[in-house]
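Residues annotated as topological domain 'Cytoplasmic' in TrEMBL: 1-8. The topological domain 'Periplasmic' annotation in TrEMBL covers 30-159. What TrEMBL records for 130, 134 is heme binding site.
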């Protein structure tokens with residue numbers, strides 16, 4: 001192999017290594033910024049045919065309806081806890097911050113945060129729906145299963 005071929009080989013290998021490193025860094029950055037969407041029932045019982053549940057510590061978004069009578073506010077701080085429900089289950093959400101103006105009991109919300117060991121969502125952001133006719137597509141699909149409030153929503157039904 002002459003020196004010209006060796007040089008080309010090294011350049012090609014360096015370019016491939018650079019592309020591989022770039023791809024690895026992009027995938028690592030995306031992994032840190034992906035929040036998967038779940039409904040309360042999917043958090044408790046699993047998602048899809050494989051019944052795949054989120055792992056504690058996983059970043060996620062959970063969408064559902066705020067259970068009437070479940071909103072508890074700390075009088076000394078901005079901490080709020082409430083329950084989200086859908087046709088299959090109920091999950092508790094903790095949030096420390098100012099809630100949106102449209103947040104109220106019986107309305108649809110999406111909470112973004114981390115799933116705790118105790119199946120509680122520790123939210124870093126709470127989004128309320130914009131008007132009476134708008135529902136996020138994921139929440140609408142989950143709520144189409146059953147339009148009524150499940151009897152299980154009145155009690156703690158975690159496994």
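Every residue gets a Cβ built from N, Cα and C, even glycine.
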Residue numbers, six or more beyond the limits of the topological domain 'Cytoplasmic' (1-8), whose CB comes under 8 Å of its CB atoms: none
Helix, strand and coil counts within the topological domain 'Periplasmic' (30-159) (DSSP): 21 helix, 45 strand, 64 coil
